[in-house]
Amino acid sequence: MISIRFNKYWLILVSIAFLFSILYILSVIFPGNISNEVYKYFSNIDIEKSKEYNKTISLLFISSFLVKLIFLLIFTFGNASKELSNLTAKLSFKMYYLHILLFFIGLWLILKIISFPFSLYYYNFQVKWGFSTQTISSWWIDYLKNSLLDFIISGIGIFLFAYAVNKWHKSWWFMASIFLTFMLFLQNLIWPSFIAPMFNRFIPIKDPVVLNMVQDISKNAGININKVEEMDASRRTKLANAYFYGFGKTSKIVLYDTLLENYPKNEIKAVIAHEAAHWKENHVLKGLVIGSIGLFAMFFLFSLILNKTIINPYNKAITPAGLAVLYLFIILINFDTNPIQNYISRQMERQADLLSVQYLHNKEIVVELQVDLAKKSLSDPEPPAFIEWFSYSHPSAMHRIKAVEACISNIH
């Protein structure tokens, strides 16, 4: 008989998650006062609209997490995981890996059903605020594509995890980490060429003005930016963005067509300078290395908890129902370590901001860009301190502006 125990380790992880959730909700409901400095850049209307918009987004995020967490707690430590395991065992003809696969499919479908209302609400919310340009049929196509990718990638990860646990009973966490680190790097390599084109069209930038900007930034940054592409983001959104992707020969900068069409050229140049800084500092590669270290730490911790959680009826190191334990652990550890992950990301973004100032030799452009981006995307210019600390992968607009101003002051 499968026995899954709730112990002190789970109590610690769950307590941290609920504590963070309570603080998050309180910060959303009682955001505090806005500093006078914000009004130098944003009007009352700008601030009120951004607060209203972000309040709903924040509550949607935390509600989705809590619903999924509560379900997994009940499912894992109640009888539901055992019942699903028994059902899939009957369909697996006593084939262990088929049993694992069928259990994974069942749990994955349940979690998809739970998260679907939140995904649909988010789409409708973006339509309501005038950001989404998608029809409902187009949204459905994207949703199904993303679900298929998630199923394939998660399925491969689950198979590698189960294989490692059963092959190396004592050092499985180390081998599983190696497998998934390889997957992480492989995914990064194939994403631009095979996966991203499934959702968007990418074409080389041909605008001579933008190309001259790229050459200018390349010279100032001391790097060879040889691949800058335009992405047809307008098929889904009115929001502007850009990103740097890859490392080594796969490196490239991608600019949304919404950025190129709706922002002045000097701000586009500031965006290119920011992404060039990510390129210069190898932030994608550094992020992958840090993520890999995190994988090793995560699976080592999970190996310690797993031994105290599951009593195994098979002559195997992991039961199919143990996948529910893995899912629960991943959602908890990701949430509980959000502050660490986002702190690292904010540091990289802050470094890119300051380097972009050096490449441009102009603080006004960078400040104007941050103000313009925040206004047009309804980003909260000064969110509650806890929410920024916990969930922001980028510094808030005011923190970015202040950092740029301080950087310039120090330079001059």
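For all residues, glycine too, the Cβ spot is worked out from N, Cα and C.
As given in TrEMBL:
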- 9-30: transmembrane segment (TRANSMEM)
- 37-201: domain 'CAAX prenyl protease 1 N-terminal' (DOMAIN)
- 57-75: transmembrane segment (TRANSMEM)
- 96-123: transmembrane segment (TRANSMEM)
- 143-165: transmembrane segment (TRANSMEM)
- 172-191: transmembrane segment (TRANSMEM)
- 207-406: domain 'Peptidase M48' (DOMAIN)
- His274, His278, Glu349: Zn(2+) binding site (BINDING)
- Glu275: active site (ACT_SITE)
- 288-306: transmembrane segment (TRANSMEM)
- 318-335: transmembrane segment (TRANSMEM)
- Asp353: active site, proton donor (ACT_SITE)
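Here the features listed in TrEMBL are painted onto the structure.
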residue: His274; record: Zn(2+) binding site; Cβ contacts under 8 Å, 6 or more apart: Ala242, Ala352, Asp353, Ser356
residue: Glu275; record: active site; Cβ contacts under 8 Å, 6 or more apart: Ala242, Tyr243, Phe244, Ile253, Ala352
residue: His278; record: Zn(2+) binding site; Cβ contacts under 8 Å, 6 or more apart: Phe244, Val284, Met348, Ala352
residue: Glu349; record: Zn(2+) binding site; Cβ contacts under 8 Å, 6 or more apart: Ser393, His394, Pro395, Arg400
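Two recorded stretches are said to be in contact when at least 3 C-beta pairs lie under 8 angstroms, sequence spacing 6 or more; the transmembrane segment (57-75) and the transmembrane segment (172-191) fall short of this definition.
Those residues of the chain, other than His274, His278, Glu349, with a C-beta within 8 angstroms of the mean position of the Zn(2+) site C-beta atoms are Phe244, Glu275, Ala277, His283, Met348, Gln351, Ala352, Asp353, Ser356. In terms of C-beta pairs under 8 Å, the stretch of 96-123, 143-165, 288-306, 318-335 lying closest in packing to the transmembrane segment (9-30) is 318-335.
When Cβ-Cβ distances under 8 Å to the transmembrane segment (143-165) are tallied for each of 96-123, 288-306, 318-335, the top count falls to 96-123. Other C-beta atoms found within 10 angstroms of the C-beta of Asp353 (active site, proton donor) number 24, with every protein chain shown included. Among residues of the same chain six or more beyond the transmembrane segment (96-123), those with a C-beta under 8 A of the stretch's C-beta atoms are 60, 63-64, 67-68, 71, 75, 84-85, 87-89, 132, 134, 136, 139, 143, 147, 151, 154-155, 158-159, 162, 166, 314, 316, 320-321, 323-324, 327. Look at His274 (Zn(2+) binding site): DSSP puts it in a helix.
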